[in-house]
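Q: Quick paste of what TrEMBL says about this protein:
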- Arg146, 169-172, 235-237, 288-291, Arg472, 483-484: substrate binding site (BINDING)
- Glu165, Asn167, Glu390: Mg(2+) binding site (BINDING)
- Glu165, Lys327, 386-395, Tyr397, 420-423, Glu447, Lys474, Asp480: ATP binding site (BINDING)
- 225-324: domain 'Glutathione synthase substrate-binding' (DOMAIN)
Amino acid sequence: MPESGKREDPIYFRVGIIPKMASGVPDEVMMNAALVKELADMAKDEALLQGVLMRTKETPNSSELVTYAPFTLFPSPVPKSVFLQALAVQTHFNTMVDKISQDTDFLQEALASTIEVDDFTARLFKIHQQILKEGRSQSVVLGLNRSDYMLDQREDETSSLKQIEINTIAASFGGLSSRTPDVHRHVLKVAGRLEDSQRILDNNPVAGLARGLAKAWELYGSERAVVMFLVEEAQRNIFDHRYIESELWKRKIPTIRKQFDDVYKTGSLDLDKRLLVDGKEVAVVYFRNGYMPQNYTNEQCWDVRLMMERSMAIKCPDISTHLAGTKKVQQVLARPGVLEKFFPDQPQVVEQIRSTFTGLYTLDMGPEGDKTVAMALAEPNRFVLKPQREGGGNNIYGSEIAQVLGEVKQSTERTAYILMDKINPTPIQNYLLRRDAPLTVSNCLSELGVFGAYVRQGEHMVMNECVGHLLRTKSSEHLDGGVAAGVAVLDNPLLV
Ligand code: ADP
Ligand code: MG
Ligand code: MG
């Protein structure tokens, strides 16, 4: 609090929060520790009031103790043009992912070298093949994905939108990010920035994600059937799910939450391949688990995955759509001519998608992969080395690239990875608010996510939408990691 200790203190009305792009917060605020402390305390209360919540690390499976989900004190500036560009391309990414998921030959070819050496992808692929052999028992596909970007800083100080990855399974924070705009609006109002507060966009991914789930449920066509959230054992981020569950219940669509083990113990297929879990027919399986090897704690989890894929339940995502979101597929898509194959008569769509790609390089055995190795070893700081993993914290940077590639460069093991140009956003100063962390100013990098939702029935797309966004911000000290990994925090774009 400023010395006078009063709300009316003119300091609130003198602070300029968003004066320029280089820094989200002006020096006079950054330097005023008392003011920042007061704004931060108030912001945390507002986050609790608005329901930007998480369970605690200590008690991830109880709501007796909850805290605010970590977030930035101030919204971060994002250029309007690139923000709109990200929204505009989303339905094309939805179409693209969906087309890939149906192109058996493409998936086979793209993943051939990867599944030789990466056990996790190989197991997923084996399920995919088995389903193809048996024939799919459900013609409805539901895709809820999130395409993530960073803004690559150009020499002329403008920035260009570059895709980090697209998440086709368990893409999270659509729930909580529907509640964060009001928190930042409140912070800016209290700080005397009423006009800026009105520039924070509405955002409601929950509505669109729930609309997708509801549409799929409807097409399944049984009123008593449920939407099953397949969830992890530790459920810190349960509120993010609850927002979607609530929306579904409002539409009189019943939901249940089950873990792999529950489905193993109480799940079965009937003669028509209807999936029954705990006595209930499942219309939609919504995966919020199953995206990384650690989620499959034993063989039974794999049995359960196969059973669900075989079933008549609509899978979000189905196994082929899951595979379409691998980093290897992302790299293959960036090769010349590949996007054209998926959009043969739509050069503008190809251009729109391709303009978001940064350099992606194969590590397959052969001269092209050898060239990638040499390039990475010569300038490791220019690149990110990526294995086929999700959930943050798996990528390899800088000198470690040299170390890892040094070890695997002569063997097929290198084909478990892809190489990607490192994207360099402009750092922006902000405060990251998280429980038990000191209130200090950080140099931050932001990542913009855009949520897509689509439903296809047979050949026919019955829904294809961009349903909202997510801005996550982390300290530039951390190279990798999302909100769930404890590195990034929730944020909102302030369009400039
Ligand atoms: P995951 O599926 O684990 O989230 P990502 O590809 O999103 O994998 O990488 C995790 C994090 O690593 C990203 O959130 C981002 O912070 C960082 N990162 C990934 N790719 C790049 C890149 N090309 N340039 C800069 N940072 C990157
Ligand atoms: Mg991912
Ligand atoms: Mg990611």
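Note that Cβ sites are derived from N, Cα and C of the backbone, with glycine treated the same way.
Those TrEMBL annotations? Automatic predictions, nothing curated.
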Q: Starting from the Cβ centroid of Glu165, Asn167, Glu390, the recorded Mg(2+) site, name every other residue in that chain with its Cβ within 8 Å, sequence order please.
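A: Neighbours within 8 Å of the Cβ centroid, excluding Glu165, Asn167, Glu390: Arg146, Asp148, Ile166, Thr168, Ile169, Ala171, Tyr291, Gly325, Lys327.
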Q: With Cβ-Cβ distance below 8 Å and at least 6 positions apart along the chain, what are the contacts of Ala484 (substrate binding site)? List them in sequence order.
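A: Once residues fewer than 6 apart are set aside, Ala484 (substrate binding site) is near Ser172, Arg236, Asn237, Gly391, Gly392.
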Q: Within the domain 'Glutathione synthase substrate-binding' (225-324), what mean pLDDT does the predicted structure show?
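A: For the domain 'Glutathione synthase substrate-binding' (225-324), the model's average pLDDT rounds to 98.
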Q: Which residues does Lys474 (ATP binding site) neighbour through Cβ under 8 Å, counting only same-chain ones at least six apart?
A: Leu432, Cys444, Leu445, Glu447, Gly481, Val487, Ala488, Val489
Q: Just to be sure I understand the packing, how many Cβ atoms besides its own are within 10 Å of the Cβ of Arg146 (substrate binding site)?
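A: By my count, 26.
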Q: Any of the binding-site residues Arg146, Arg288, Glu390 with a C-beta atom under 6 A from ligand 2? Give them in order, or none.
A: Glu390
Q: Can you list which of these binding-site residues (Glu165, Arg288, Gly393) have a Cβ closer than 6 Å to ligand 3?
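A: List returned for ligand 3: Glu165.
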Q: Of the binding-site residues listed here (Arg146, Asn167, Arg288), which is spatially closest to Tyr397 (ATP binding site) when Cα positions are compared?
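A: That would be Asn167, the closest of Arg146, Asn167, Arg288 to Tyr397 (ATP binding site).
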Q: Those binding-site residues, Glu390, Tyr397, Arg472, Ala484: which ones have a Cβ sitting under 6 Å from ligand 1?
A: Glu390
Q: When secondary structure is assigned with DSSP, how many helix, strand and coil residues does the domain 'Glutathione synthase substrate-binding' (225-324) contain?
A: 41 helix, 26 strand, 33 coil
Q: When you measure from the Cβ of Arg288 (substrate binding site), which residues in the chain that are at least 6 apart have a Cβ under 8 Å away?
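A: Once residues fewer than 6 apart are set aside, Arg288 (substrate binding site) is near Ala170, Ser172, Phe229, Leu230, Val231, Glu232, His241.
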Q: Taking 10 A as the limit, how many CB atoms besides its own sit near the CB of Glu390 (Mg(2+) binding site)?
A: 21
Q: Whole-number Å distance between the CA of Asn167 (Mg(2+) binding site) and the CA of Arg146 (substrate binding site)?
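A: One finds 5 Å between the Cα atoms of these residues.
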Q: Roughly how many Å separate the Cα of Glu165 (Mg(2+) binding site) from that of Arg146 (substrate binding site), to the nearest whole number?
A: 9
